[in-house]
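Here is the structure we will look at, set down as structure tokens.
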């Protein structure tokens, strides 16, 4: 559902009563002999009945003024969705796109593990194709839901959850194409920028209750990444080492990325500080609009510490594992923010996924009791398991509450 700005202002001024602070009721554990795993699930993954009720009642609201969307992409997506069978579930479309995107990134990472090597040119073209497929499938899932009458809050949550994973894949594509492994801290710097922008977008949604797309937004950024990958496929990675005014093209690209991040983040920050829909300008949960910065800092600061203090080359030599580890921790924090917005709930200060970064920092503090490379892979696997478990558990709870299937349409409504 797309609202105009005037309609959004009218609805916001008409009723602010739902957006009040309601303290989260802790999930009660009734069994005294509960296992550690059950306790973990209760504290990390289980939503309260109040949160489930508000989440089920959530209505999607967005303003989309994206330039490319309005110019041509919406018409293209409307045509593509007509070829999709009515029995295909929207969430399945989103998941297939995510898997394709991940597969093409892993193929590219196999040939360029440290973002320094020249991968075969077809791998860059394949990565561009994978991103295009993901973009298309991600755009038509909502249209498929409306075609089949299967729209639900689960669709929005599943879509944004997949986006939170995809953004680190897109970031890795840029790093491999530009060979940012040759730029000191280049991959880590670009990863931080991508995480900040994506988190800030949903932070502003948590404050305003409405997802807002700018003139230059996700679609335009993805098209630029595709153009970058196709240029690399056509001319080779050496293209980005060409000197321009004393700088290589890859340095210019990183600088422009920084400028774009500052511009976009400043817009989100203005919305965060002035657009709170709750009482006295608070969030949809009635909490402070500034508190969501705590999970963001809890993600970025530990990774900055471990990256800067490391005396080994584990992070540089195992770039993909480190980036996926970083992305998984950031994705879970973003997913909690999305769930918080949709269920109008306060954000928790602690998340079990922070154990991974904490272990690596402690290992450095105690002079590498454990091999940093092995610990990196262990923490990366743990963080992905924690993320997937959280997503699966929340999805199952929503399916049970709404009496629907995630990857199957029970009945096509006319």
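All positions are counted from 1 along the displayed chain.
Glycine is treated like the rest: Cβ placed from N, Cα and C.
Going by TrEMBL, these are the annotated features:
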type     : residues : note
TRANSMEM : 83-110   : transmembrane segment
TRANSMEM : 122-140  : transmembrane segment
TRANSMEM : 186-203  : transmembrane segment
TRANSMEM : 223-245  : transmembrane segment
TRANSMEM : 252-277  : transmembrane segment
TRANSMEM : 289-307  : transmembrane segment
TRANSMEM : 319-339  : transmembrane segment
TRANSMEM : 375-395  : transmembrane segment
Chain residues in Cβ proximity to the transmembrane segment (122-140) (below 8 Å; excluding those fewer than six residues from its ends, i.e. six or more beyond): 73, 76-77, 80-81, 84, 93-94, 96-98, 100-101, 103-105, 107-108, 111-112, 159, 162-163, 166, 170, 173, 176-177, 219, 222, 225-226, 229-230, 232-233
Feature contact check the transmembrane segment (186-203) with the transmembrane segment (319-339), CB under 8 Å, 3 or more pairs: yes
Residues from the same chain, set at least six apart from the ends of the transmembrane segment (252-277), whose C-beta lies under 8 A from its own: 12, 16, 19, 174, 178, 180, 183, 186, 189-190, 193, 196-197, 200-201, 203-204, 207-209, 212, 214, 216, 228, 240, 244, 283-284, 289-290
Positions on the same chain near the transmembrane segment (289-307), where near means CB under 8 A and six or more residues out: 185, 188, 192, 195-196, 199, 203, 206-207, 272-273, 276, 281-283, 315, 326, 329-330, 333, 336-337, 346-347, 349, 351, 354, 357-358, 360-361, 364
